[in-house]
Amino acid sequence: MARLCAFLMILIVMSYWSTCSLGCDLPHTYNLRNKRALKVLAQMRRLTPLSCLKDRKDFGFPLEKVDAQQIQKAQSIPVLRDLTQQILNLFASKDSSAAWNATLLDSFCNDLHQQLNDLQGCLMQQVGVQESPLTQEDSLLAVRIYFHRITVFLREKKHSPCAWEVVRAEVWRALSSSANVLGRLREEKA
């Protein structure tokens, strides 16, 4: 009986400790999915960047709001989740399906969906750990404004092939940045 009580106490302490930590451990597969998504996104390119120079635009990716050195790990998970969700919304739209190879688009969206599940699992572990700090809200707002600018750009360009190519390249940079953020967070943990 004493062993059972001791075992239960250890489980409770371990559960409490992991819940109260500054975040969660994303599965190793998250990084693999992110790399695969980047590779597929690169394969989706249909036009050369030179042919779309006239359509290039700086969407103002909020790197300073997503950078691991600026926000803590617990704050970065909701921001990365929102970034991934916005990318999925963009590429899962009916306007997107006409622009890309269906097989590559499905693969890309599936990778994003699996990444969202991983990030959502982290968020569930963080429930109750801390309130949404102002910096996190600023970061989430910056990500949403960034994607609003992308959506407006696509609408203004009538979802042209060059507009989608510009957006594809921009999203590739955003996903690369999110991979770098997670890499720095993992280094800090080690």
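Every residue gets a Cβ built from N, Cα and C, even glycine.
Sequence annotations record features per position, and here Swiss-Prot assigns signal peptide to 1-23.
Taken residue by residue with DSSP, CYS24 (disulfide bond) is part of neither helix nor strand, so it is coil. Using a 10 Å radius centred on the Cβ of CYS24 (disulfide bond) and all shown protein chains, the other Cβ atoms total 20. Feature annotation from Swiss-Prot assigns disulfide bond to CYS24-CYS122 (among others); the stated evidence is similarity to another entry.
Every protein chain considered, the tally of other Cβ atoms within 10 Å of the Cβ of CYS52 (disulfide bond) stands at 18. Residues or ranges marked as disulfide bond by Swiss-Prot on the basis of similarity to another entry: CYS52-CYS162 (among others).
Feature annotation from Swiss-Prot assigns N-linked glycosylation site to ASN101; the stated evidence is a curator's inference. According to DSSP, ASN101 (N-linked glycosylation site) sits in a coil region rather than a helix or strand. Within the same chain, the residues at least 6 positions away from ASN101 (N-linked glycosylation site) whose Cβ sits under 8 Å from its Cβ are MET44, ARG46, listed in sequence order.
Counting other CB atoms no more than 10 Å from each candidate's CB, the disulfide-bonded residues CYS122, CYS162 peak at CYS122. Straight-line distance linking the Cα atoms of CYS24 (disulfide bond) and CYS162 (disulfide bond), rounded to a whole number, equals 39 Å.
Rounded to the nearest whole angstrom, the C-alpha distance between CYS52 (disulfide bond) and CYS122 (disulfide bond) is 39. Calculated from their C-alpha atoms, the gap between CYS122 (disulfide bond) and CYS162 (disulfide bond) amounts to 36 Å.
Reduced to three states, the DSSP call for CYS122 (disulfide bond) is helix.
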